[in-house]
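Peer 1: Below are the features listed in TrEMBL for this protein:
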COMPBIAS  365-383  compositional bias 'Gly residues'
DOMAIN    30-234  domain 'Neurotransmitter-gated ion-channel ligand-binding'
DOMAIN    242-452  domain 'Neurotransmitter-gated ion-channel transmembrane'
REGION    362-384  region 'Disordered'
TRANSMEM  237-260  transmembrane segment
TRANSMEM  267-288  transmembrane segment
TRANSMEM  300-319  transmembrane segment
TRANSMEM  437-457  transmembrane segment
Amino acid sequence: LGRGPAAPRPLQPPLPVFPGCRGAQGRFAYKLLHDLFANYSSALRPVEDTDRALNVTLQVTLSQIIDMDERNQVLTSYLWVRQTWLDAHLTWDKDGYGGIDSIRIPSSYVWRPDIILYNNADEHFGGSMETNVVLRSDGHIMWDSPAITKSSCKVDVSYFPFDGQRCRLTFGSWTYNGNQIDLRNQLDTGDLTDFVENVEWEVLGMPAARNVITYGCCSEPYPDVTYTLLLRRRASFYIFNLLLPCIMVSFLAPLGFYLPADSGEKVSLGVTVLLALTVFQLLVAESMPPSESVPLIGKYYIATMTMITASTALTIFIMNVHHCGPGARPVPPWARRLILHHMARLCCVYEVGESCKSPQRALGGREGVGDAGGPGESPGEGQVGTEAGGCPWDHCLCHHDALLRNVGYIAGCFRRHRANQRRTGEWKKVAKVMDRFFMWVFFLMVFLMSVLVLGNAA
């Protein structure tokens, strides 16, 4: 029973073909395309009345900021441009074509408005991509095309790296005036929903405005839509790589006044700091446009370099004061009163230092010895009296006068040497007080300049 040939299965009924199926849609689409473009020309403006203007609506979506070239003042951005208009010659009854309401065809098939970017800075002047257009049964055409644009942007670097830029993207027709094409913006702002965040620039907004301008070449008005891209620089990179190193190097310059004058490194430190700031200044100058407006960080560099140059010059002057020799004049009374008393107390300088104090201590010891066994005092006189006890006074008078002259000469030399050392120590103390005073003055200047830069940035 079960070994016979298998009974044939009943055939399934064929699927019904509805008007909306793919096969029917394809045949109707081919027929629709043939009927629409049988007598159509994409060279003429698609209006029934040539005296009326064709309304074209523009909407721009910012997708990405590719580059901002401050030196050449060129903004490179990736945009999605949407243009919509009504083509009076491309309408059909969708009921007569299987309910087809819209088709997508190459944009070269239809008339397109010659909307271009007025402030284009691309040397090749590339336009939008040749994408398809969406054609609806009522004649409305929507053309979405991506474009990588290079637009000229007036860059103001006065507050670099805490600056903000306003870059304009002006779109308009190149040949059609306002009586032929009425260009309008669809929204009051550019679309930023699909924007890819940039690591250097923060987008604050993209307002749109419609302008009607009459140029000198023509008497007809030309409408355009201008999108203003509001940008603010992210300053973290420049703070950590340009500003903070400069501030730290600037705080090294006043420390040159704290170095001992005998170390021989005071001038070398100032010159080294000056060279380091020059390198930072060159790095900033390479990326900035050669304009009259000096960036904020450039002004800070110039002010700091001027301050370091002044501190190096003052260091050389103070070292000359410090190394005043024994032949120097005494410290004037006004300098002793102003510097050695008031300024020394203000700068908390109470000692000259070990190198200047030790000679005074030696002098003090020698002075005690000289006073004890002094030049021509009682020990010498007792000794002379003892030796001259056995001889008459008139016989030893010549020896006594010679001894007094020699002891007086030695005492005079000792007093002059002590006066020279005291004079040299006073000049060294003057130099030390001036070092401390200018150190605090320049510390205050560096601090105020840093606060001023950050305040202007805020």
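Heads up, the Cβ atoms here are built off N, Cα and C, so glycines get one too.
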Peer 1: What residues elsewhere in the chain lie close to the transmembrane segment (437-457), defined as a C-beta under 8 angstroms and at least 6 residues from its ends?
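Peer 2: Non-local partners: 159, 162, 235, 243, 247, 250-251, 253-255, 257-258, 296-297, 300, 303-304, 307, 311, 314, 318, 343, 346-347.
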Peer 1: Quickly jot the same-chain residues contacting the transmembrane segment (237-260) by Cβ under 8 Å, restricted to those at least six beyond its ends, or write none.
Peer 2: 160-161, 200, 266-267, 269-270, 273, 276-277, 280, 283-284, 297, 300-301, 304, 307-308, 311-312, 314-315, 318, 353, 355, 435-436, 438-440, 442-443, 446, 449-450, 453
Peer 1: So what pLDDT does the domain 'Neurotransmitter-gated ion-channel ligand-binding' (30-234) average out to?
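Peer 2: Mean pLDDT across the domain 'Neurotransmitter-gated ion-channel ligand-binding' (30-234) comes out at 90.
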